Amino acid sequence: MAGCGSWVFFLTVCAVTVCGANAEIKFTIPVGKLFTYELMRETFQNDFEPLSKLYAGRLYDDPMIFKCNRQNFPDLPEWLRFTQRHPYDNGFLYGTPQTPGRSIIEIYAINKRSYETARHILVIKVAAERILPYQAEFFIKLRDIEKVLPSTVQDEIKQDTQKLWKTQTLSIINITNALDRGGRVPLPLGGHFEGVYVKVGSEMSFSECLRKVLKPEHQEQCAAGAEVKIPGECNFCGIASNCITWCKTELFDLSKPVPPPPVPTMGSGILEDGGDFNPPESPPSRNYFPDYIVTVIVPLILAIILCSLLAYIMCCRREGVNQRNARTNQIQLFHHHTILGNTDELRNMAGNRGIPALPLSTLPMFNSRTGERASPLQSDSPSIPLIMAQHDPYSDTLPRK
């Protein structure tokens with residue numbers, strides 16, 4: 001029998017996995033009361049690995065992110081909000097419905113390790129109920145929204161407010177993140193928190209401690225920016241992180257009915273007779289000649305002056321430029337004539353040389369200006385050439401056999 005039970009459970013799990021059955025969770029909540037639902041990662045982890053934990057002995061702790069929306073809609077209902085700080089943290093759906101109705105919420109869990117997805121259906125039915133007539137809102141500075149939503153923390157806050165209110169019939173109406181109320185984003189350091197607003201309500205009237213908030217002295221101190229501490233007989237804060245900010249405490253008395261706005265009076269729909277319409281007289285005549293002078297004549301005069309100045313610069317100031325150009329051309333012609341003369345001289349010098357003879361410039365004691373050649377023996381120089389080829393450049397000085 002035990003073996004049959006194991007096989008039945010195995011087949012059931014396989015059928016759920018293959019057919020893709022989705023878990024459906026139903027809730028019935030009253031109007032005007034806080035609704036909180038925690039998305040447990042362990043629950044969705046079992047959906048991702050249903051058999052590995054039972055038979056293989058493996059237990060994964062995968063990071064997950066949750067996506068929530070109303071069925072057939074891209075977003076959640078206006079009264080419902082979702083928060084998840086980190087993929088390794090659980091998610092929370094929370095909010096306070098204001099009108100009765102029925103909402104179907106689709107919850108998708110995405111496994112960041114295997115990229116598998118799981119889908120759960122959350123059916124929320126909101127029933128009509130009387131609104132609590134006495135409500136109070138407190139600001140808790142040293143808390144974040146995801147740290148207040150667990151039921152254990154809500155019970156701690158509820159116990160402190162019950163002592164402050166001096167009644168046990170107390171309910172938490174709403175919890176709001178301070179960032180949703182215009183608060184500033186805290187520094188990502190230890191000891192800095194976003195802060196939360198907690199609203200509670202009861203059928204009992206406010207206690208004497210809560211009524212001190214309505215005194216003018218208290219309001220003047222808070223308006224002056226002074227740090228007002230909770231009176232000693234009203235301090236019931238058991239945990240330091242759950243202590244309230246006394247100056248941000250507000251009371252709401254809904255026991256007195258609010259008078260409805262006056263009904264607008266219906267008229268006949270026809271405007272009252274205001275007499276005949278008198279059109280305005282034609283405007284007086286105006287002289288546009290000054291405007292014409294400023295708009296047309298003045299720019300025309302400026303254009304003529306600029307054109308005259310440009311013509312003077314381009315035409316009348318060309319004499320100096322022409323003289324400089326003529327001087328430059330003369331210099332260039334002189335250089336060209338010099339180059340031509342030197343070229344003719346070199347050609348004449350090359351034509352006078354014999355074909356078998358060596359160039360005159362290679363001969364000893366050659367005068368490049370006159371072209372004459374003098375023997376070193378006839379010179380007045382005391383030096384005597386040591387090479388015999390200097391006497392007769394045409395003699396063969398190479399050794400012969």
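Residue numbering: from 1, along the chain as shown.
Positions of Cβ are set from backbone N, Cα and C atoms, glycine also.
Per TrEMBL, signal peptide is recorded for 1-23. Sequence annotations record features per position, and here TrEMBL assigns domain 'Sarcoglycan alpha/epsilon N-terminal' to 30-125. Marked as domain 'Sarcoglycan alpha/epsilon second' by TrEMBL: 132-214. Under the heading transmembrane segment, TrEMBL lists 292-315.
Secondary structure of the domain 'Sarcoglycan alpha/epsilon N-terminal' (30-125) per DSSP, as helix, strand and coil residue counts: 13 helix, 42 strand, 41 coil. For the domain 'Sarcoglycan alpha/epsilon second' (132-214), DSSP puts the residue distribution at 30 helix, 22 strand, 31 coil.
Note on the domain 'Sarcoglycan alpha/epsilon second' (132-214): its mean pLDDT in the predicted model is 90.
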